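A.B. asks: Straight from TrEMBL, here's the annotation block:
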type     : residues : note
DOMAIN   : 20-213   : domain 'ABC-2 type transporter transmembrane'
TRANSMEM : 29-48    : transmembrane segment
TRANSMEM : 60-82    : transmembrane segment
TRANSMEM : 103-125  : transmembrane segment
TRANSMEM : 137-160  : transmembrane segment
TRANSMEM : 172-195  : transmembrane segment
TRANSMEM : 223-242  : transmembrane segment
Amino acid sequence: MENALARPAGVFARESVAELRKNLRLPQFALPTILTPALFYGLFAVMLNKAGPGAAAYSLATFGVFAATGPALFGFGAGVAVERENGLIELKRVSPLPAGAYICAKLVSAGAMAALALAMIYALSLIGGVRLPPEQWALLVIVHLLSVIPFALLGFAIGMRVGAKGAIAAANALYLGFSILGGLWMPITILPGWMQQAAWLTPSFHLGQIALSTIGVPPQGSAPWHVAALVFITAAAAWLALRGWRRSPA
């Protein structure tokens with residue numbers, strides 16, 4: 001058993017479990033990232049919804065992306081910045097920890113936190129009368145969970161460059177900005193023209209449009225174009241994150 005845990009897979013698993021436990025023990029992180037999306041969805045898409053299950057399904061697709069944004073941006077952005085300032089990242093670098101275990105653990109934790117938030121939104125959507133075929137549910141879950149990746153990379157790039165206070169401020173600004181510009185809270189068509197144009201530069205907009213296409217809502221532009229744009233943004237975020245990791249002295 002000890003030999004199995006000493007293998008890379010065992011180390012990755014233990015690091016991931018430890019990271020998840022740490023986040024769950026921090027109510028100032030866990031409660032907002034898990035409860036905020038569900039509270040917003042329950043209020044606007046279920047309680048105050050006068051347009052019926054169709055509007056609740058539309059909001060389900062976009063609020064699911066919103067649910068993935070918080071754990072990724074704050075877990076990687078603010079979390080990494082704090083640990084870098086405290087010397088924890090430097091300690092892990094000089095330890096025999098396998099390469100990538102630190103980042104993998106944070107990604108698993110962010111995905112698990114997002115999954116908890118998504119589970120609450122999905123339950124509320126059923127209360128609101130949303131009914132989707134199994135294949136649409138499956139695609140929607142995949143899109144929502146994969147939404148963690150680009151935001152995590154952006155958060156990591158910030159956390160490796162900015163101090164803890166600055167990273168928290170940046171994560172909050174991006175959290176709100178991506179939600180509004182991405183049309184995650186409201187249809188983007190009601191925003192001013194310049195904001196609609198700026199939305200095309202954000203990962204949240206493309207993820208929201210892809211999520212909508214999985215439930216049969218025609219996206220703005222073609223779905224393949226949104227996928228291509230998202231791949232480009234994710235690759236750029238990965239490059240920034242890698243450069244931040246290599247340049248940081250800690």
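Cβ coordinates come from backbone N, Cα and C, glycine included.
Just so you know, TrEMBL annotations are computer predictions that nobody has curated.
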A.B. asks: So which of 60-82, 103-125, 137-160, 172-195 has the most C-beta pairs under 8 Å when paired with the transmembrane segment (29-48)?
C.D. replies: 103-125
A.B. asks: Checking distant contacts: for the transmembrane segment (137-160), what same-chain residues at least six beyond its ends satisfy Cβ-Cβ under 8 A?
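C.D. replies: That would be 60-61, 64-65, 67-69, 71-81, 84, 103, 106-107, 110-111, 114-115, 118, 167, 170-171, 174, 178, 203, 207, 210-211, 214-215, 230, 233-234, 237-238, 240-241, 243-245, 247-248.
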